[in-house]
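Chemist: According to TrEMBL, the record shows the following:
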type: BINDING; residues: HIS111, HIS115, ASP308; note: Fe cation binding site
type: BINDING; residues: LEU134, VAL135, SER136, GLY137, GLY138, ASP167, GLY180, ASP184, ASN280; note: substrate binding site
type: DOMAIN; residues: 23-314; note: domain 'Gcp-like'
Amino acid sequence: MDTVLAIETSCDETAVAVVKNRQVLSSIVASQISIHQQYGGVVPEVASRKHLETINLAIAQALDEANLDWSGIDGIAATCAPGLVGALLVGLTAAKTLAIVHQKPFIGVHHLEGHIYASYLSDPELKPPFLCLLVSGGHTSLIYVKDCGEYQTLGETRDDAAGEAFDKVARLLNLSYPGGPIIDKLAQQGNPLAFPLPEGNISLPGGGYHPYDSSFSGLKTAVLRLVQKLQQDSSQPLPVNDIAASFQASVARSLTKRAIACALDYGLNTIAIGGGVAANSELRKQLQQAAIKHNLQVLFPPLKFCTDNAAMIGCAAAEHLNRGHTSPLTLGTQSRLALANIMEIYKH
Ligand code: KG4
Ligand code: ZN
């Protein structure tokens, strides 16, 4: 049984957790959202500096809440890729330093593998293979989960991630950051059929469209054109609720269609969902309905494990440690790293 202290600083949350295999002993998440809100998005340099200010306190708090001292920790983990390099560096350096000082193994973790492991936290009995629909501010991927460290990306967005599209459309509508939760709330009062919007299909040369890849930048542009047209044609206030509902329904349809097709084509009967957009009520509704129709199971981890946190990183690290996978102290950060190359993290 491996107990891991894990650090996650890939974006705008300073997170530290203590995890015993699939059991969370403590999970601290210090969000920087209120700081970045004034800029309308994450400012990388501000994020790094804030991580630096917060990290030591978060580590102490995570140990304290887990009721452990360093003798109860078997390994120290940190997200090493992908993410904002300066931000990642803070968590990675803290983890390596602690590993040296306390003479513990060090485990680097791929951020997306962490999101996949959030599903194991909510259902410790879950076993691969399954399909993971990962929808966050930085990623929109359909991942075939074969085993720990063994992943095949079957579908991706060709441009904006789903969460990024929510944030950009929110900005277009003069709403605050992050846009996802606000659009979700306004959409409750709107008509999803008010405005027909594209579903982000990628056309194939021989006709038809790519079954698993998507594009959200076209959808975002369609919303921009719609807003411009409405503003030109009428002096009435923008029907923000209807635009939010129509946009959200279109994203949910696009993701649902691809996830279901992918699961059926690959014979996977469980779809686990992760990332901040997994909170979206319309996506949850459409995916649940489609899954019932096709006799598939959908797993929605609780929101605190869907958005960025260190418990999911600790859960992935504990499994790697159990399998004897540790990382060299020379491991660096990478802004991008394909999931297919994940085992590079454990090469000595
Ligand atoms: O996973 P996450 O916390 O951070 C990343 O790794 O990116 O995801 C953040 C994203 C933001 O783009 C935010 O707008 C979106 O998740 N989001 C939502 C909702 N809640 C958060 N998008 C749609 N509906 C929501 N309810
Ligand atoms: Zn994330």
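Quick reminder: no glycine exception, Cβ is built from N, Cα and C everywhere.
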Chemist: Taking the mean position of the Cβ atoms of HIS111, HIS115, ASP308 as the Fe cation site, which residues outside that list, in the same chain, have a Cβ no more than 8 Å away, listed in sequence order?
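Modeler: For the Fe cation site, the extra neighbours are GLU8, SER10, THR79, LEU112, GLY114, SER136, GLY274, GLY275, ASN309, MET312, ILE313.
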Chemist: Quick one: which of the binding-site residues (HIS111, HIS115, LEU134, GLY138, GLY180, ASN280) have their CB closer than 6 Å to ligand 1?
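Modeler: Listed by sequence, the hits are GLY138, GLY180, ASN280.
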Chemist: Which of these binding-site residues (LEU134, SER136, GLY180, ASN280, ASP308) have a C-beta closer than 6 Å to some atom of ligand 2?
Modeler: SER136, ASP308
Chemist: So which one is it: of the binding-site residues HIS111, HIS115, which has the fewest other Cβ atoms within 10 Å?
Modeler: HIS111
Chemist: For LEU134 (substrate binding site), which residues of its chain lie six or more apart in sequence with Cβ-Cβ distance below 8 Å?
Modeler: LEU112, HIS115, ILE116, THR140, SER141, LEU142, ILE143, ILE273, GLY274, GLY275
Chemist: Determine the mean pLDDT over the domain 'Gcp-like' (23-314), rounding to the nearest whole number.
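Modeler: Summarising the domain 'Gcp-like' (23-314) by its mean pLDDT gives 95.
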Chemist: Assuming the binding residues for substrate are exactly those in the record, LEU134, VAL135, SER136, GLY137, GLY138, ASP167, GLY180, ASP184, ASN280, what is the maximum CA-CA distance in angstrom, rounded?
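Modeler: Value for the max Cα separation, rounded to a whole number: 18 Å.
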Chemist: Could you tally the C-beta atoms, other than its own, that fall within 10 angstroms of the C-beta of GLY138 (substrate binding site)?
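Modeler: Here the count is 19.
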